[in-house]
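Asker: Please read through the structure below; I'll follow up with questions.
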There are 2 protein chains.
Amino acid sequence: MNEFDLIRRYFTRPVPPGYLGAGDDCALLPVAPGKQLATSTDLLIEGRHFLPDADPASLGHKALAVNISDLAAMGAEPLGCMLGLSLPKVDEAWLAAFADAFHELAHEAGCPLVGGDTTRSPDGIVISVTVFGQIEQGRALLRSAARPDDDIWVTGTLGAPHAALQWLTRQWPAQPALLAAARPALERPVPPWRFAQRLPGLAHAALDISDGLLQDLGHILKASGCGAILYYHQLPIDSVLEPLDESLVREAVLSGGDVYQLCFTAAPRNREAIAELARAFDVRATRIGVIESGAHLKVHDAAGRPIPISSRGFDHFA
Amino acid sequence: MNEFDLIRRYFTRPVPPGYLGAGDDCALLPVAPGKQLATSTDLLIEGRHFLPDADPASLGHKALAVNISDLAAMGAEPLGCMLGLSLPKVDEAWLAAFADAFHELAHEAGCPLVGGDTTRSPDGIVISVTVFGQIEQGRALLRSAARPDDDIWVTGTLGAPHAALQWLTRQWPAQPALLAAARPALERPVPPWRFAQRLPGLAHAALDISDGLLQDLGHILKASGCGAILYYHQLPIDSVLEPLDESLVREAVLSGGDVYQLCFTAAPRNREAIAELARAFDVRATRIGVIESGAHLKVHDAAGRPIPISSRGFDHFA
């Protein structure tokens with residue numbers, strides 16, 4: 001199978017009216033008048049972000065999901081995506097599983113694959129995804145927009161992806177039943193992209209929790225020139241963590257990355273509207289803290305006592 | 001140096017008004033009302049597309065140039081780009097040279113770097129570039145738009161990048177002086193992006209010559225349902241090839257890839273306007289053949305006799 005056949009067989013699907021998909025020098029996408037293009041890109045490298053025997057369907061899903069999560073974190077509406085794929089060999093079963101899962105999420109999110117690049121790599125698999133979205137001029141949810149007295153919210157639950165990764169990489173003692181329960185959160189994250197598109201106007205700052213709650217919230221605080229208190233007892237800890245030691249739970253919940261849910265801030269007057277929006281889109285949204293003047297980031301227990309925090313999430317070059 | 005410092009030091013430059021650059025979940029770019037987004041992506045893998053000791057400045061330039069070439073091939077105006085970079089280690093001299101050359105071309109082409117992703121790779125360097133451009137609705141130069149009786153044009157000269165690559169990889173006997181003369185065409189291609197933005201309305205089909213003239217023109221013919229005659233004696237053969245055997249020249253000119261110039265078709269009535277445009281933008285534009293009804297691709301010599309052709313360019317999975 002040559003390069004053109006491979007693209008045709010696995011990656012060419014019909015695109016919506018007004019689009020030009022794979023097959024020319026560029027793809028063409030519509031951006032509505034008055035809207036800005038929002039775009040984000042991720043590189044996934046075998047041996048760094050996934051193991052050689054990783055399930056191809058999970059990879060295909062997650063490679064796109066992490067990028068759709070970035071659009072959600074701006075409040076943008078998905079428009080389409082590009083895929084760069086470098087493979088040591090053409091493995092048709094692998095390609096079919098990868099492509100099916102990728103296209104399934106793309107279809108569900110209204111984010112059709114419009115083009116890309118395939119090539120052969122001497123070493124491992126490399127996956128590069130770039131997403132495009134649109135958002136009305138000036139309405140994007142920026143990291144710099146948090147204000148003192150804002151509530152801090154998160155969607156979904158915290159900790160399960162980190163726990164799954166620790167069990168998979170044997171950094172935590174084996175717990176097969178818990179791993180099975182936690183694994184979908186790591187391998188098939190579903191960012192709340194529909195809910196997120198309705199947040200502009202209700203929320204101020206937002207980002208997705210890819211590097212861990214403390215580190216990611218820290219980005220909001222730094223960009224906004226604010227401090228924050230988190231209420232540990234209000235955090236939506238994933239139920240899979242219940243049987244674990246408190247120290248492991250804290251690590252997973254406060255510093256565990258790969259969550260691909262949103263952390264956002266909003267004025268207290270919007271509490272009811274946000275709760276209603278969450279109900280309408282079947283999203284769990286939890287208030288977990290408050291933005292304050294200052295530059296601190298503190299975590300309080302139920303009695304209002306500070307919990308010591310150290311680990312600050314993940315840095316690729318640390 | 002951590003990931004955030006690395007991005008700040010080497011890849012964060014001011015972006016134009018109306019843009020949001022690196023530092024948030026997505027970059028934001030303006031797309032003018034009535035215009036479509038044009039986008040293209042390329043993956044460059046060490047050991048496949050470049051050698052471990054490749055000059056970082058050439059890599060930085062070329063990684064962006066090949067993508068700007070795709071915008072030019074649609075007649076689109078560059079808007080911005082994203083860079084994914086995976087490195088086995090942080091080498092500051094390498095990064096500085098790569099980033100300077102990348103930013104220099106980005107600045108010249110009005111294609112600012114607005115965001116990206118950096119990560120550590122276990123094996124070689126991986127470079128992923130995605131470009132964004134805009135073009136008025138319905139004006140893009142599609143591969144499918146060639147019509148019988150159109151002239152076939154190319155910009156620039158043919159053959160030098162292929163020759164440089166053969167000498168560098170020792171597939172041709174060493175010719176140090178010729179290699180030195182040919183090398184810039186391989187390592188620092190300059191696609192005619194300004195000229196290309198004025199082609200919509202004058203030209204019909206266009207693409208860039210990345211895989212070799214015959215293979216790339218073949219894409220136009222297939223997409224347009226046409227045939228073509230090329231006049232070999234009219235091809236703008238790069239002067240660096242003059243001392244070579246005719247068989248090597250033919251291989252380089254007809255099948256040599258990596259050219260990143262345009263091949264386009266246009267009605268004969270636009271000959272003078274295209275020649276004038278080329279003069280205005282200091283681009284060499286040469287008529288090299290004619291589109292015909294049918295499905296053939298023939299190359300004729302000066303006496304109108306067919307030249308046998310075989311090699312059809314480059315396929316990553318062949």
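Note: Cβ is positioned from N, Cα and C throughout, glycine not excepted.
So TrEMBL has the following annotated:
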DOMAIN    B:23-134  domain 'PurM-like N-terminal'
BINDING   B:D25, B:S40, B:D70  Mg(2+) 4 binding site
BINDING   B:D25, B:D70, B:D208  Mg(2+) 3 binding site
BINDING   B:T41, B:D42, B:D117  Mg(2+) 1 binding site
BINDING   B:D42, B:D70  Mg(2+) 2 binding site
BINDING   B:H49, B:D258, B:F314  substrate binding site
BINDING   B:G116, B:D117, B:R143, B:S210  ATP binding site
DOMAIN    B:149-300  domain 'PurM-like C-terminal'
BINDING   B:D211  Mg(2+) 5 binding site
Asker: Please identify, among the binding-site residues B:D70, B:G116, B:R143, the one with the smallest Cα-Cα distance to B:D208 (Mg(2+) 3 binding site).
Answerer: B:D70
Asker: Just to verify a number: CA distance, B:D70 (Mg(2+) 4 binding site) to B:T41 (Mg(2+) 1 binding site), in angstrom, no decimals.
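Answerer: Cα to Cα, B:D70 (Mg(2+) 4 binding site) and B:T41 (Mg(2+) 1 binding site) are separated by 9 Å.
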Asker: Including all protein chains displayed, how many Cβ atoms other than that of B:D117 (Mg(2+) 1 binding site) lie within 10 Å of its Cβ?
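Answerer: Result for B:D117 (Mg(2+) 1 binding site): 23 neighbouring Cβ atoms inside 10 Å.
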Asker: I'd like the number of other C-beta atoms within 10 A of the C-beta of B:S210 (ATP binding site), please.
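Answerer: Summing over all protein chains shown, B:S210 (ATP binding site) has 22 other Cβ atoms within 10 Å.
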Asker: Sub-8 Å Cβ contact with chain A: please pick out which of the binding-site residues B:D42, B:S210, B:D211, B:D258 have it.
Answerer: B:D42
Asker: Please list, for the domain 'PurM-like N-terminal' (B:23-134), how many residues fall into helix, strand and coil according to DSSP.
Answerer: 36 helix, 46 strand, 30 coil
Asker: Given the binding-site residues B:S40, B:R143, B:S210, which one's Cα is the least distant from that of B:D258 (substrate binding site)?
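Answerer: Closest candidate to B:D258 (substrate binding site), judged by Cα separation, is B:S210.
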Asker: Give me the count of other Cβ atoms within 10 A of the Cβ belonging to B:D25 (Mg(2+) 4 binding site).
Answerer: 27
Asker: Over all shown protein chains, what is the count of other CB atoms within 10 A of the CB belonging to B:D258 (substrate binding site)?
Answerer: 21
Asker: Out of B:D42, B:D208, which of these binding-site residues shows the lowest number of other CB atoms within 10 Å of its CB?
Answerer: B:D42
Asker: Near the Cβ of B:T41 (Mg(2+) 1 binding site), how many other Cβ atoms are there if near means within 10 Å?
Answerer: 26
Asker: Fill in the CA-CA distance, B:D117 (Mg(2+) 1 binding site) to B:S40 (Mg(2+) 4 binding site), as an integer in Å.
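Answerer: Counting only the Cα atoms, the answer is 17 Å.
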Asker: Of all the binding-site residues given, B:D70, B:D211, which residue's CB has the most CB neighbours within 10 A?
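Answerer: Counting every other Cβ within 10 Å of each candidate, the maximum falls on B:D70.
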Asker: Mean pLDDT over the domain 'PurM-like N-terminal' (B:23-134): what is the value?
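Answerer: Summarising the domain 'PurM-like N-terminal' (B:23-134) by its mean pLDDT gives 93.
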Asker: Measuring Cα to Cα, how many Å separate B:H49 (substrate binding site) from B:D42 (Mg(2+) 1 binding site)?
Answerer: 11
Asker: Looking only at C-alpha atoms, tell me how far B:S40 (Mg(2+) 4 binding site) is from the residue listed as 'Mg(2+) 5 binding site', rounded to the nearest Å.
Answerer: 16
